[in-house]
Structures are given as structure tokens and as C-alpha cells.
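J.: Okay, here's the structure, questions in a sec.
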Amino acid sequence: MTTYSLEQLVPAVVWTFFLVFCRMAAAVGFLPGFGDAYVNVRARLVVAAAISAAVTPVIQADYGVPAEPQNVLRMFALMFDEIFIGSFLGLMARVLLASLETGGAIIAMQTSLASAITFNPGQTSPETLPASLLSAMAVVLIFVTGVDHILIRSIVDSYAAFPAGGVPPFADLSNAMAHLVARGFLISVELAAPFLIIGTVFHVAQGLISKIMPQLQVFYIGLPLQVLGGLVIIGLTLPPLLYWFLGQYVDVLTSITHPG
């Protein structure tokens with residue numbers, strides 16, 4: 001039986017952990033909640049290190065990690081590949097979550113709330129009120145429903161599609177990102193579909209009333225009704241819309257790491 005001294009085992013374990021940490025830290029830096037602007041960078045690194053320490057034995061046993069190379073250039077190449085893959089996975093999760101902001105902007109335009117601008121702490125940028133509400137509620141539900149565990153599991157499972165030490169398939173990754181952006185726009189439109197339909201009907205009704213009764217100031221009457229109706233519809237549809245989005249979110253992201 002082959003035996004190894006402690007001096008031989010410790011560098012191998014440290015290298016395996018460090019290589020896993022490169023991918024995990026890059027992904028955590030973009031993941032919803034973990035990578036938001038209000039989260040301290042040191043806190044992100046601590047979380048990534050804790051997750052890496054927990055999953056390193058699993059990754060080493062199930063997928064394998066290349067041994068520490070003797071060439072420094074090869075070592076930096078492996079680190080770059082892992083950081084690139086991790087950043088790509090985290091960025092895809094972030095881009096898909098941004099479809100809520102697009103859907104919220106569409107909802108704001110249909111409910112006359114586009115001028116109601118509020119500060120989004122997760123992005124440190126101003127957004128419309130519906131977009132900020134949807135983004136904040138989605139991040140809360142991600143942690144409440146355990147979707148954050150699914151995201152971390154997807155990063156671990158990504159070693160099956162993108163093994164450590166392999167050359168990243170840049171062409172396939174660029175195509176996947178393009179399809180993801182298109183899918184994100186489709187999700188945002190589907191998310192705002194009830195508001196698009198009701199808003200279109202409301203504006204058509206306003207036009208008909210204006211033709212039938214030219215003396216009536218339709219906009220003075222219609223604007224408060226539009227805002228009130230929009231708030232009522234948001235209150236009624238917010239829970240099912242968010243749970244539907246979470247289902248789409250998990251399905252799309254897991255299909256990337258489980259293409260089969």
C-alpha cells in the first residue's frame with residue numbers, strides 16, 4: 001500500500017482547496033444576495049472559503065482536480081480558467097435575475113409608476129419602484145426557499161460540464177450567454193404580460209371614451225385609476241409571479257450545468 005507523508009499530503013490538499021476556491025469565489029462574487037453591492041468583499045471571500053472547504057472533498061472524489069503543476073505559467077493558467085468559469089456561472093445567475101428589473105420597468109410603464117424612482121441597494125443604482133420591489137423580493141425568496149443551495153450545488157455540478165484543468169469552451173459559453181440574455185428578455189415580457197394586457201385594454205377604453213365624450217378630461221380621471229389598478233394588480237399577482245420566476249430561474253441555471 002502506498003503511503004504519503006504529511007509534507008506530501010498538505011500541499012496537495014491546499015492546492016485542491018485553492019483551485020476550488022478560485023471558481024467558487026468568482027461565482028459567489030456575482031450570485032444574487034452574496035454578490036450584491038451592500039455585501040462586504042471580505043464577507044464574500046469568507047463565505048466562498050467556507051463553501052469551498054465544505055465541497056472540496058466532494059469535488060475531489062467525484063470529479064477530480066489536477067495535481068499542482070511544477071510550471072508557474074501552467075499554475076496561473078489553471079487559476080485563470082477556474083476564475084473564468086466561476087465568473088461566467090455567477091454572471092449568468094446575475095443576468096437572469098436582471099430580467100426582473102426589465103419586467104419591473106415594463107410594469108412601471110403600464111401602471112404610470114415609471115416616474116416613481118427609488119434606490120436599489122443591491123445594485124446601488126436608481127430603479128423604478130416595481131423593479132426594485134421585484135428584485136428585493138426575489139433575493140429574499142431565493143434564501144427563504146433554499147434556491148441558494150441549488151445555486152451552490154449547480155456550481156459544484158459544473159465540474160461535470162467544465163472539468164478543472166480543461167480548456168473552457170469559449171464558443172459554447174458565448175452562445176449560452178446569448179441564449180440566456182434572449183431567455184431573460186422573454187421571461188421579463190412573460191412576467192409583465194398581465195400588466196401589458198390590462199394596460200392595453202385600459203388605454204383602448206380611454207381612447208373610446210375620449211371619442212364618445214370629447215368634453216370629458218379622460219387623462220385626469222384615467223391616471224389615478226391606472227395607478228390604483230396597477231397597485232391592486234401588483235398586490236394580487238406578486239406572489240404567483242415571483243414563484244413562477246423562481247421556477248424558471250432554477251430550470252434555466254440547472255440546464256446549463258446539466259445540459260443532458
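Glycine residues also receive a Cβ, built from the backbone N, Cα and C atoms like all the rest.
Computed from a predicted structure; not experimentally measured.
So TrEMBL says this about it:
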type: TRANSMEM; residues: 12-31; note: transmembrane segment
type: TRANSMEM; residues: 43-63; note: transmembrane segment
type: TRANSMEM; residues: 83-108; note: transmembrane segment
type: TRANSMEM; residues: 129-152; note: transmembrane segment
type: TRANSMEM; residues: 185-206; note: transmembrane segment
type: TRANSMEM; residues: 218-246; note: transmembrane segment
J.: Is the transmembrane segment (12-31) close to the transmembrane segment (218-246), in the sense of at least 3 CB pairs under 8 angstroms with a sequence gap of 6 or more?
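T.: Contact absent: fewer than 3 Cβ pairs fall under 8 Å.
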J.: In the same chain, who gets a Cβ under 8 Å from the transmembrane segment (12-31) while lying at least 6 residues past its ends?
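T.: Cβ under 8 Å, 6 or more out: 44-45, 47-49, 51-53, 55-56, 59-60, 65-68, 78-79, 82-87, 89-91, 93-94, 148, 151, 155, 158, 164.
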